[in-house]
Each structure stands twice: as structure tokens, then as C-alpha cells.
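To keep things clear, I will list the structure first and then write my remarks on it.
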Amino acid sequence: MEFKGRFGPLNVLTSAFLLIGLVAFLIFSLRSETSSIEYGSRQKKAFSAPKHNVWAELSEDEAAEVNEFIITEATHLNLTLHPKSAQDNFIFVVETLKPNKTDAAPYLYDGASIPERWAKVAISQNFEDGPYMVYYMVGPLPITKDSQVLPLEYMFNSGRNCIKTPLLDFSSVMDFALSMAENVSDITQELLGARANRADPSDPHGLLAFPRGSRIETGGMVLWMQFYRPGMGSGARTLLPQGIYAKVDATSAYIADWTVGQWYYNGVMYADEREFRAALDDPDFVRTPPNIDGSWTDTEDFGDYPDRDLPPPVSVQPYGPRYKLDRKENFVSWFGFEFYLTTAQATGISLFDIRFKGERVIYELGLQEAMAHYAGDDPMQGGLEFMDSFFGMGKSEYTHGYMFELVPGYDCPAYADYLDTEWHQAYKTHKMPNSVCIFEYTADYLLSRHTAQYSVTASRNTFLTVRSVSTVGNYDYTIEYVFYMDGTLEVKVRASGFIFAAFYTANNTKSEDEYGHRIHDALSSSIHDHVLNWKVDLDVAGPTNDMVRLAIEPMTKTYEWDQPEQPKRNTMHLVEYPVTEETGLDWPSNSGEFYIVYNSDEKNAWGERKGYRITSGTGMGSTPHLTILNSTTLGDSARWAEHDLWVLKQKDTEPRSADPLDYFSPYDPLVDFTKMADHESLEHGAPDTEYDGDLVVYFNLGAHHVPHSGDIPNTLMHTSSSSVMFIPHNFADRDPSRQSVQGVRLQLQGKKSGGFAG
């Protein structure tokens, strides 16, 4: 008798689990013994980083020390240890204040002493006009009599270190929304067949209401509340919008002052609740069908389908890793690549001091911000946008997800090394095991091959990956850094999860397919742009670099050797255009230009400048920038999204393109990118400039997402990936992967076969 499991016969699953368990046991047994196992004549030795990781996140002890120091020394802040809302003064975030490059570089490259260690602290602090989030810097660490609590101002070009908090307590906002929904239970029962349950918000049959906020230039917010079914069975809440919307005046930070105004249903605005209720009795009132949950939102299908009985192939690593990892310093070495990694709760993983074959390539590489901007003809989708660093892409909270524990064998190979992360918020240290993975992987395609007359050579394409997954609300972002044996580095993002869909209404005012497609009975997709911004501080063979646009252009030219048969020849040639000022660039039409960062002082054996090319990588076409021009919703908070990449001077006073708190103040952000990309000269020795050739590039990944029926229930990663690659360009004298690859050469024997067997 055969017992069926969720995905197939139980005996097959049992065998598969036993096999996986055996393989895992063998792998981890081998890896636990790697300190004494010999491979040939080589023995694994203890490995340690050459320097301390000066960018490492604060330890639990360091964070506790900072908290205690602020409480005891900064008594004027009147801090509470048990905050209940933003009306309390409390320490919200404690994290590492990354050292300035001008302090870290001498330690890394010139043998100078290690830079001072400081903490960056965000404190919720009340003033006469309401609560603010205020940044401070605390140090040097460890705490001594010389340590101080100082305003952190130098990195914000707004001239201030604080943002006013528009919402005091999000849980109170949700209670306000449920109270509002209860007041119209008669309406929702008639139109949607359900009502809100304020006493039990987790009621699987109850309605919920969620806000879409709009910050207004005069201060405060206007909220549009949309009703949703909870989707408790699958977490598919964003697939279950309902067609009722309410406008809330939230210009005051105090919820007691908020009022509900207009209502919107099926393309019609109603002045207030009374007018909306009265309209239901009108014989001409047009109802729309409710959006009902069901198996169509489930992410798993447990049906018994053919050919799903056997597990798919898996990769194994029988002899342990070939890379070296110093877990204490988070330092990695692999076939010529060396780098440090760290994490931040707002932006996740960053890499520092990336070198290849002993030469400098990149000082810093890390995510700055992840933005999603929607469009639509209803009050929710029409102004919806998210700045995900505000919610935290490098931390985990079980109620929201964020940077979650990785699933071995699925997110990463079972044999990968898994790193833990921790962050410090509201006086507590939170730890998330296995949230970053590092592994080597062999692709299903070769790095190189060639078939000659008597032989064929093939080289395996093995690369190193550092990967994490950040879940923000409905979307899961898989972010990875991929290192190739020739010195290429790729930054890649893949998105999955539930789309943030729109309620579908079929009325005379609706333009079909203008903002998306109908994807279920009462559901429409919603067009949106994902734009994720990265910083890369390139130090190609050293810090003094230039950027050029190497164009491939058509031309007509006369060659002496062509005469007299061909007076003129139509051909092409290379033309170099130096980038002489800070500017934004878009990927060229027909890939007709190479963007190359050169070191003019360092040349390879053939006299060519050492360089790295920046190019759109292996995702779904060229990486995008924001479609919307001069976004009404974003204001000045995301000007970095307006081009594909930007070239700027490196400045200690401009360490980031954005700040998470800009989400609260889009029209007057802490970091205004337009003040960074302000066309300063990038020419060495130009008059009235102290520019020394140290470049920073900001580049964008993402997608123009037009969801369709195939995005139900979840968007698929292979259809929503994008990447940027940094490729050596005359950086070495020949292909350096020849020193590292494993491959095969098949050779015919005989006197005329040539090659090794000749």
C-alpha cells in the first residue's frame, strides 16, 4: 500500500530525506575535519584576515555599552527604557558608524594605525512641535573618559540631522483604520460580504484597512485607506484588495485629531460616509464583485501531478570549500579575490576592500536604497511608493520578514557556509542565524571552450557567490555578489513574492490595460518600477581613476591599401570621450559605448591603462531607471533613480546617496542627491578644484514590472532579475582565469595531431 505525501509518494520522500541527510552528514563531517584533512600534499591551515574589519557591525557588548553611556551621560535627552510610542524619548537604533575612507585607507594600504571606532545612533526625541528622529555619533569605542555623544551632521547635505516623525504609533494607526471600518460595517457587509473585527484583527473572515500615505509640503500627511481581506492562509494580503477607499486628514501627528472625509467606490467620489451610504439605495448604483480569497492565492499546490515524484538533481561539495573564510573578521579569499563583508539593518550586505591578485579594485560596494513606484487610476495605486531601507533590508522581524533565515538546499546549496547577523534596536540585540551564505558553484555552461582540428578544450565556469534574501512586505529580494575567475564581479538582484495588486473595476471610466492587466475575477495588476541603488567606490589599481565613454562609431574612411578598387570604405572605429564632470548616464543605444574606469598611472605589460568596464549584466535586458519624470510622490528623495548610473567625486561628507528617514520627508530629505551630483569637475588639476581622481559610481538595478497572470501567486525570479557587471579591461596581461580553472583537453594521437600529443 502506498501512502501519498504532499508532493508525492511517501516512500520517495523518505528516501530523498535519507539521501539528503546522508549527504549533509558526509559534507559537514568532512568540513568539520578540514583543519586536519590533506588534499594531495596540501594541508588545510588556520586562516585569518590581514587586517581588522573596521566596518564590522557593533557587537552586543558594544551596543549595550553605547546605550548605557548615552543614558548616563546625556541625561538631558530624558530617555525612557520602555517606550510605548514615538511620544517617548528612546534610543531606536544603534549601529556602526562606518569610518571615513580617508581614515580607513591609510590603515589598509599604508600601515597606519587602525581608525577610531564610533557608533551611529538614531534617537526618537520630542520637541515643542512634535517628535523627531535625531542622529547622533558616539565614540570613540570602547567607552572611555574621552568618549562623547555628538550630533551626527557631516554626512547630511540638508544641514540638519533630524526628521520630523509624521506618525507617532503605527499600531494606533491600524486601530484607527479598524475603528473607521467598523463604523461602515453595514456598507462593507452589503458590498463585500464581510466586516472588520476590531476586537480580533487576526480574524480570518474579517476585513482590514491599510493606509497609503502622501506627505504634503505644508506638513503632515493625507492617507487613503483601502479595504483588504486578510489572506491569513497564505499571506496573500496584497492580492486581496477590495474596492472601497476612504480619505483621512492626517496633517496632525496626533491621531485624535484625524478625520475621515471622502469615500471612493467604483470610480465615484462621495463627499462623506453619509453620501456613500445613501448612494447604495439608488437604483442606478453599480456594484462591483468582491475580491475573494481561495486556493488561487496559495503558493503551494499539493495535487498529485505526474513526474513530480523524484527529487531534482542537487550539487555537492565532497572535499570542502576551496575559498578561505575568517568568520571573526568576515573576510573571504578565493582564487585571487579578497574582501571583507559587513551588514547594516537598513541595507543589508556591503563589501569592502575588494582586491584581485593583490591589486585594489573596489573600496566599497553596497546597497543604498530600494524603491518601488506604482501607477494606477485608484487612490491607492495612483500614489503608491515604497523606500525599503526605511523598513530595514538587513534585519529580521517575524511579523514582517525582512532579512530572514536562509533555507539550506533552496536559497543556497546545502554545503554553503552560513553566517549569522545581528542588529540593535530599542535597547535589544536581535540575532538572525544563517542569514548570509557563501558558496562556490559550477555553472551549467563553460567559462571557455574551443574545438581545433585535432583537439577540444573546455574550462569549467566556477564562481563564488555571497547571497542574502531581504523580504520587505510583499516582495522578497535575493541579492548576491558573484565573483568570477577572470576578475569579473557581478551584482545581481532577483525579486519574487506577491505583487501589490489593484482592485479590478469594469466601469465606463476605466481604461482597460492602461495600468495593468486583469489577472483574476476582481483583481488587476499594477504597473510599477523597481529601482535599487548601489554605491561602488572604484579604486582600479589604486585610488586615482578616470572614467571614459569608449564609443563604437560608424565612419567612412579612405585606406591606401584599398586603392584604386575601393576609394572609400564604410567601417567603424573607437572614439574615447572622457567624463569630465559629475553626471548621470544611461545605458547606450545598441550597447554602442563602453563605460570604463581607468587608472592612467598604472599600465599592463602592453602599455595599456588598467581598467574595469561597467556594463549591464546577465538579467532581463538593461537595468532600468525610473520612468516617471519629476515624481510627485518622491519629491527630492530619490533623484538617483532618474538615470542608470552616476559618476561623482569621492567625498567623506557624501557617504550615501540616500538615508532611510528620507521616506518621512521626500520634499526636504536629509540627503538630497541633486546636491551630490552637481556637475563638479572630474578633471585632474583643474583650476579651483582639489579633485585627486577618486571616483564613486552609483548604479541602479531593478525592473519595469508589468505583472500578468503568470505572477499569480508569486512573481518568478528568472523573469525579474537584473545585474551590473564589473569586467577587467586590460587589467591583466592575459586572461587570469587560466591560472585557476579546471578543465579538460581531448587530443587526437598521431604525428599530425599537433598540440601536446604531437
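One is the number of the first residue shown, and numbering goes on along the chain from there.
Cβ coordinates come from backbone N, Cα and C, glycine included.
As recorded in TrEMBL:
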type: ACT_SITE; residues: Asp388; note: active site, proton acceptor
type: ACT_SITE; residues: Tyr475; note: active site, schiff-base intermediate with substrate
type: DOMAIN; residues: 237-303; note: domain 'DUF1965'
type: DOMAIN; residues: 315-737; note: domain 'Copper amine oxidase catalytic'
type: MOD_RES; residues: Tyr475; note: 2',4',5'-topaquinone
type: REGION; residues: 733-758; note: region 'Disordered'
type: TRANSMEM; residues: 12-30; note: transmembrane segment
> What is the Cβ neighbour count of Asp388 (active site, proton acceptor) at a 10 Å cut-off, with all protein chains included?
Replying inline: 25
> About how far apart, in whole Å, are the alpha carbons (Cα) of the residue listed as 'active site, proton acceptor' and Tyr475 (active site, schiff-base intermediate with substrate)?
Replying inline: 10
> So how many of the residues in the domain 'DUF1965' (237-303) end up helix, strand or coil by DSSP?
Replying inline: 16 helix, 20 strand, 31 coil
> Over the domain 'Copper amine oxidase catalytic' (315-737), what is the model's average pLDDT?
Replying inline: 93
> Tyr475 (active site, schiff-base intermediate with substrate) has how many other Cβ neighbours within 10 Å of its own Cβ?
Replying inline: 24
